[in-house]
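Colleague: The feature signal peptide is assigned by TrEMBL to 1-19. According to TrEMBL, the disulfide bond annotation covers CYS31-CYS111, CYS64-CYS69, CYS117-CYS314, CYS196-CYS228. The feature site 'Transition state stabilizer' is assigned by TrEMBL to ARG58. The Ca(2+) 1 binding site feature in TrEMBL is assigned to ASP63, VAL66, GLY68, ASP70, SER72, GLU84. Here TrEMBL flags ASP241, ASP248 as Ca(2+) 2 binding site.
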Amino acid sequence: MSLLHHLILYLTLLTVVRGDILRPRFYSQSCPEAESIVRREMKKAMMKEARSVASVMRLQFHDCFVNGCDASVLLDDTPNMLGEKLALSNINSLRSFEVVDNIKEALEKACPATVSCADIIIMASRDAVALTGGPDWEVKLGRKDSLTASQKDSDDVMPSPRANATYLIDLFKRFNLSTKDLVALSASHSIGQARCFSIMFRLYNQSGSGKPDPALETGYRTKLNKLCPLSVDQNVTGDLDATAHVFDNMYFKDLVSGRGFLNSDQTLYTTQETREYVKMFSEDQDEFFRAFQEGMIKMGDLQSGRPGEIRYNCRVANRRPIDVLLES
């Protein structure tokens, strides 16, 4: 087969959604300790820096929304590839990649070339929630790691902190995720922190008005003004909700009270289509937990159908996409 025919076949493969068959306990025979190893390493990370587990959990969102859950977000740039780490929604924002590196190293010692980096993200995200007081659930595994990544693909998909609920509803629909899924999954911001950079416009120039966001509760706005004055280093961080180290429904209670940190969070309460879910979750933590784990499982099912592999190093692809075809 000629190189041209190989290239045509490769481009065709990119359009086929033919993902891996995912199932619980996928590694029960090939690496029976996989899930316990991941949880052990996540506990270590949390003891070293409490914020790190929240950062790892967010990797699932930023990975799965861009060509499916394939660990493309972990790939470093190469001379021939601009990856996702420097995409607009990720640069100076995504962090704790070293936690995934440590998990991968431990898994490679126990079960070489067996557990994908994509599955590590899924397991570690679940563990981040469980270890901070949230629900625990069985995850489906069996993903392959992507051979490439695309900064443009990430820029084209991932929302900014300025996004409103209407935009987010439409975005989630593209991935067969409902409005309820959107609201529940937004509570990934129940733990962790975000930068002043993400809220400066809310504090000083909402919608180009030269004024703060009127949805901000007065006392909370005063607190944020002190944290993020106009002269601040915009990499300074603030807690995303009032219990930033505990996964609970305080995130929703804060939204009801006008104390949402990000515009994309507070807009969930100021928008009619999402407000009732915010109110429901603020009053019923068990219902929130059920909806969150359902949403995480649905998001974890997203796949592109592209050729994949099991990486030895989560930051570097073993092969190029064309190599897979040339070997066939």
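Don't overthink the numbers, they just go from 1 along the chain as shown.
The backbone N, Cα and C atoms fix where each Cβ goes, glycine too.
Predicted automatically and left uncurated, TrEMBL annotations should be read as such.
Since the structure is predicted, the reported quantities are computational estimates derived from the model, not experimental observations.
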Colleague: Using all protein chains shown, find which of the binding-site residues ASP241, ASP248 scores highest when you count other CB atoms within 10 A of its CB.
Modeller: ASP241
Colleague: Are there any residues in the same chain, six or more apart in sequence, whose C-beta is under 8 angstroms from the C-beta of CYS228 (disulfide bond), and if so which?
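Modeller: Counting only residues 6 or more apart in sequence, the Cβ neighbours of CYS228 (disulfide bond) under 8 Å are CYS196, ILE199, MET200, LEU203, GLN234, VAL236, GLY238.
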Colleague: Looking only at CYS69, CYS111, CYS117, the disulfide-bonded residues on record, which one has the least crowded Cβ, with the fewest other Cβ atoms within 10 Å?
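Modeller: Least crowded of the disulfide-bonded residues CYS69, CYS111, CYS117, by Cβ count within 10 Å, is CYS111.
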Colleague: In whole Å, note down how far the CA of CYS31 (disulfide bond) lies from the CA of CYS64 (disulfide bond).
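Modeller: Cα to Cα, CYS64 (disulfide bond) and CYS31 (disulfide bond) are separated by 24 Å.
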Colleague: Would you mind ranking the recorded positions ARG58, ASP63, GLY68, ASP70, GLU84 by how many other Cβ atoms sit within 10 Å of each Cβ and giving me the lowest?
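Modeller: Ranked by other Cβ atoms within 10 Å, the recorded positions ARG58, ASP63, GLY68, ASP70, GLU84 bottom out at ARG58.
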Colleague: Of the binding-site residues listed here (ASP63, GLY68, ASP70, SER72, GLU84), which is spatially closest to CYS31 (disulfide bond) when Cα positions are compared?
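Modeller: Result for CYS31 (disulfide bond): the nearest of the binding-site residues is ASP70.
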Colleague: Starting from the Cβ centroid of ASP63, VAL66, GLY68, ASP70, SER72, GLU84, the recorded Ca(2+) 1 site, name every other residue in that chain with its Cβ within 8 Å, sequence order please.
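Modeller: Sorted by sequence, the hits are HIS62, CYS64, PHE65, ASN67, CYS69, ALA71, VAL73, SER146, ALA149, ASP153, SER154, SER304.
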Colleague: What's the CA to CA span in angstrom from VAL66 (Ca(2+) 1 binding site) over to ARG58 (site 'Transition state stabilizer')?
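Modeller: VAL66 (Ca(2+) 1 binding site) and ARG58 (site 'Transition state stabilizer') have their Cα atoms 13 Å apart.
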Colleague: My understanding is the cutoff is Cβ-Cβ under 8 Å with a sequence separation of 6 or more in the same chain; which residues meet that for SER72 (Ca(2+) 1 binding site)?
Modeller: ASP63, VAL66, GLY83, GLU84, SER146, THR148, ALA149, SER150
Colleague: Give me the Cα-Cα distance between GLY68 (Ca(2+) 1 binding site) and ASP241 (Ca(2+) 2 binding site), rounded to a whole Å.
Modeller: 28
Colleague: Which one of these disulfide-bonded residues has the most other Cβ atoms within 10 Å of its own Cβ: CYS31, CYS64, CYS196, CYS314?
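Modeller: By the 10 Å Cβ neighbour count, CYS64 comes out on top.
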Colleague: Out of CYS111, CYS117, ASP241, CYS314, point to the one nearest ASP70 (Ca(2+) 1 binding site) in space (Cα versus Cα); all of them are recorded positions in the record.
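Modeller: When the Cα distances are compared, CYS117 comes out closest.
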Colleague: Near ASP241 (Ca(2+) 2 binding site) in space, meaning Cα within 10 angstroms, which of the recorded positions do we find among ARG58, CYS69, CYS111, CYS314?
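Modeller: If one measures from the Cα of ASP241 (Ca(2+) 2 binding site), no recorded positions come within 10 Å, so the answer is none.
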Colleague: Around VAL66 (Ca(2+) 1 binding site), how many other CB atoms lie within 10 A of its CB?
Modeller: 28
Colleague: In whole Å, how far is ASP248 (Ca(2+) 2 binding site) from CYS117 (disulfide bond) when you measure between their Cα atoms?
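Modeller: Roughly 28 Å, rounded to the nearest whole number.
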